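According to TrEMBL, the protein has these features:
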type	residues	note
ACT_SITE	His250	active site
ACT_SITE	Cys299	active site
DOMAIN	1-78	domain 'CARD'
DOMAIN	174-303	domain 'Caspase family p20'
DOMAIN	361-437	domain 'Caspase family p10'
Amino acid sequence: MQDEHRKAIQNNFASLVEQTDLDHMVSALFEKGVFSEQMIEPYKDLSKDARSRKRQLYMDITRRGPDAFRNLLDALSDAGYWDLVRELDPNSSLHARTKISAPSTSMHNENQYVSIKTEKEKAKTRVDIVKNDWDANDSDTTDLNSVPHYHVVKSSKFFEDGDDIKLYKTRGRERGIIVVFSYIEFLNNSETYRKGVDVDCQKLKYLFSEMGFRVISYKDLTRDETVKTLENLKNVIFGVECVFIVVSSHGYERIDSSDTDIRCKDLRLISIYEIIEYFSNKKFPALHGVPKVFIFQLCRGSNMEFIDSPIRFVSPDEPSQQAEPDGLPVVSQSDLSGLDCRRYIDNAPKTPILKRDRLFSDILIAHSTLPGKVSYRDPKDGSWYIQTLCEVFAARAHDCHVDKLFTLVDKHLHDRFHIQTSSVDKWGFNKRLYLHPGLYEE
């Protein structure tokens, strides 16, 4: 294999491991003669987790001769991993192909939650090297290989139920899944390009992969694509112990509402509550009782007010002063002034005859900022909130439940950046969620 091809695989190694299906790729590479029947046996060894076997697969392919790279590209293209082909081969004809929205996945065992048909629709998972619009003196690209990776401290013991507050079960190998929706570039450049979000995505992918999660990522979807993706997640998420949903975009305050509008690629809006609605016990019954953690990195208004501290100590790690808000004020599209609350009271359910349950439960919603306030993002290092979250989760997820982790995130956010306040809402999230990174019950 040529050195440039070997280097391309090495530079995209994490994406290959996270985004491809092991069985599909092994079968395709076997059919193309890259590996013999004897050679593929180690990739079927169920005593090792799927992620480790995928890592071995992509290390081995760099030693499989001059045609291995071309055969790898063909296999990825046949399976619909077009963004990976574009990353590996800048000269690929697929650069002109229309992208199709579908998830990238990082699988950790042999349960196949995604069909071959679904696999062939995968795209929009690539984290682009993007143009720097911010400073003409800076480099014109973001080097993703320089993104700092955190040492994720692994758990050494399982936490047990307390007397009053029980725990969500997180002991199996299907620990969880994280779905990341990032909106970076907008139609006709009508909204500010969100420099630094690619760094956030890389950090989140690394962190949650290290904690044993499958990773699914979507980038720059239109509103219709976003809605369709949310509807289809029920066909992808199955059998996991917890779910994280991350949404990063420009956000806008809804007047006279606690909701927030989120900007999609095509400039249309989708609201926070609309997204959460897809995970209700009615629309997603398979996740009833499963903890669902939503993380929203976006502005919730235009208020940039803060106070001047009488004393301020500047540390050597003082963050960059170049920070941008993630949104500007707009008039809400929803007119709630005519809402007739009386009819809802009159039609409230009477004493139930059949067993009923609530529509929303086991939901924790983490916001990077308060209602009406801006949320800051560093063009080089990523958003203040995601930077802090990754650092705290990496260091403390082994001995803290998620409620406490978000408390620590806000504390460290203040200690480091001073002027931004995060917040957490809980909808029937009445147990403690320990992530137990790296620890599994056999």
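Cβ atoms are placed via backbone N, Cα and C, with glycine included.
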In this structure, which of the active-site residues His250, Cys299 has the fewest other Cβ atoms within 10 Å of its Cβ?
His250
Return only the integer: C-alpha distance in Å from His250 (active site) to Cys299 (active site).
6
Let me know the model's mean pLDDT on the domain 'Caspase family p20' (174-303).
94
